[in-house]
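Worksheet: the structure to be examined is printed underneath.
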Amino acid sequence: MQVRVRLSLLLLCAVLLGSAAATSDDKTNQDDSLDSKSSLPTDESVKDHTTTGKVVAGQIFVDSEEAEVESLLQDEEDSSKTQEEEISFLESPNPSSKTYEELKRVRKPVLTAIEGTAHGEPCHFPFLFLDKEYDECTSDGREDGRLWCATTYDYKTDEKWGFCETEEDAAKRRQMQEAEMIYQAGMKILNGSNRKSQKREAYRYLQKAAGMNHTKALERVSYALLFGDYLTQNIQAAKEMFEKLTEEGSPKGQTGLGFLYASGLGVNSSQAKALVYYTFGALGGNLIAHMILGYRYWAGIGVLQSCESALTHYRLVANHVASDISLTGGSVVQRIRLPDEVENPGMNSGMLEEDLIQYYQFLAEKGDVQAQVGLGQLHLHGGRGVEQNHQRAFDYFNLAANAGNSHAMAFLGKMYSEGSDIVPQSNETALHYFKKAADMGNPVGQSGLGMAYLYGRGVQVNYDLALKYFQKAAEQGWVDGQLQLGSMYYNGIGVKRDYKQALKYFNLASQGGHILAFYNLAQMHASGTGVMRSCHTAVELFKNVCERGRWSERLMTAYNSYKDEDYNAAVVQYLLLAEQGYEVAQSNAAFILDQREATIVGENETYPRALLHWNRAASQGYTVARIKLGDYHFYGFGTDVDYETAFIHYRLASEQQHSAQAMFNLGYMHEKGLGIKQDIHLAKRFYDMAAEASPDAQVPVFLALCKLGVVYFLQYIREANIRDLFTQLDMDQLLGPEWDLYLMTIIALLLGTVIAYRQRQHQDIPVPRPPGPRPAPPQQEGPPEQQPPQ
């Protein structure tokens, strides 16, 4: 009996305390009413009410009366805690400024009362909110998209409401909030450091967030596993993540899964499935998917060739790339072809060696102004083995500018005009440097001053002065000046609209490699403005722009992986870039497969896949790829032996790219009658053409011609009067099937013997000493008037 009385008293106290807390909440929430802000109160001002029960058509039911008792006791406990302690990570003013551990210490989890909706009351359907009746839970008025309902008919009058979520939904939401914290902490480390150890630590955070089904973390980790970026490469794990993302409708996941089916990595190759996933990815707005589809429609890969469809996809991507171009320009990406680098080890790939960079740094520290400006430009744009670093660029430009270098002043002006984390944006400071550089006749400064007058940056807009400075810069060949002149003529700003002049200056700027010049030319050719409309030309120009996007940095990442002998990571990265239409990636992927360096591809699939990418690279005009296609058909690598097809590829390489190797091969095929009728005269002609096309071909051509002379002599004897004597003579049977190789070897040995003998003769002949200088005759000084003037 006493227990029941105590329990009754306890319940009565709890009810009274709960009523008092509810009254206090009602008064507090009146200031944040929906009528005044047209949005629901934040999670901090209203407790999160969920239920362990079920939601049926928006109506929430409580499982038992015991749940109500527990909720009242929970409310009493909650009322003793201040609301200031309940800090939500997603609504903190600057979540990226705190690490995950700091945020976790500050944030306390929102306590969930198991009492249905607000105050334990069920939803009232319909309910009135902003003069509109709702028959089910809604997310209107909330920025976070959470469903809610009112517990009375008119929300404006009573302001009683609650969230329409079960305890399971609330747990998922809290898990997502924690996952977001972990993801932000990882991204802060990833974006704030260039050290590999810290980036690996960042990916540990991202992996943890991905394990909690955080979509962005899943996207990051899946591609990191695919490429082996700071994580051990695992194609199967990447595939599973792509499938999970695809089920959730992630465009990045769909594009990744499409790539796996296109390349046959981790799955059986299926171009049909690849096309489906690429299409879904493009519909979701993924730029990589758009670029892949643009290339496929342009080249007719898996689809009917359609220039207009390719134009649609490429133009969309090019619009994004052009909008990202800054005044200082983006990072420079070096396109290095592995076949060329291996064939010509001494070839300059454009990459700077570490010791050379250190030498320039030494010169810069000693006050060499040219070295300071050069290093400043390298660090400003990146590339050639130097990472982009605006702080170092600013420091080097400052040193050179203080020494009076106009180029450094102009680039400082560009950095101040653009603004960054290192250099604060300042039109006044930029104008100061531009004027100093322009007064010294520097075209970069003149172009910057023209931009200031064109857009009114620190000065009044003055189109005449803008035109004047752009013309001065363009006359000195500066691409920015040429581009801006073209834009002024195209839009008729400060001058009469003139599409011919615009086309002229855009062409000049494009010859200097300016991305926006290519973009503007593409727009003109696509719309037929100032020129005859040409879909093909527009697509090629837009493709050029698209290949300058931020994803092109993956080319250098793949190259570095190859240099580190991580061939699997390199080939996967090159394969994705090859899907996007990069010719250099297609040839590099084919080269790695051709060398059988990547174990990620099966033995039986190596040559067929290499053949596929050699073919795509050859169709984009790469000579080595065209010759490789001939070699593959000649020897039967990845396909059947087909001399006629090999002959066609060699002939194309000879006619279109004037390849000495292709000419030599054509000579050999004419000599042997492989894929073509045997013709000794045509064989000699192609051998001679090869020797003229390349000095490197002269020695093998000489040997081939010597052998050809012997063959011609034997053929002549056969057709002479003593034909009957040699009718039965079969050189292959007499000397063996490789008799021509033996003959070439003998000729080479004889030639070497003659050369050695001649050199020895020259050494034996005593070299006469030159006679000593004769004493100069004494000079007689003439009279002073005959001396020449000094």
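Along the chain as shown, residues are numbered 1 onward.
Every residue, even glycine, has its Cβ placed from backbone N, Cα and C.
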Transmembrane segment range according to Swiss-Prot, out of 273-293, 735-755:
735-755
From the disulfide entries in Swiss-Prot, identify which of Cys123, Cys164 pairs with Cys137.
Cys164
What does the DSSP secondary structure composition of the repeat 'Sel1-like 4' (287-322) look like, as residue counts for helix, strand and coil?
29 helix, 0 strand, 7 coil
Can you break down the repeat 'Sel1-like 2' (215-250) into helix, strand and coil residue counts using DSSP?
26 helix, 0 strand, 10 coil
Tertiary contacts of the repeat 'Sel1-like 4' (287-322) (same chain, 6+ residues out, Cβ under 8 Å):
251, 254-255, 258, 271-272, 274-275, 278-279, 281, 515-516, 519, 522, 526, 535-536, 538-539, 542-543, 545-546, 548-549, 551, 579-581, 616, 619
Within the repeat 'Sel1-like 9' (515-550) only, compute the mean pLDDT.
95
Counting only residues 6 or more past its boundaries, what in the same chain has a CB within less than 8 Å of a CB in the repeat 'Sel1-like 7' (443-478)?
327, 406-407, 409-411, 413-414, 417, 427-428, 430-431, 433-437, 484-485, 488, 493-495, 505, 508, 512
DSSP on the repeat 'Sel1-like 8' (479-514): how many residues come out helix, how many strand, how many coil?
26 helix, 0 strand, 10 coil
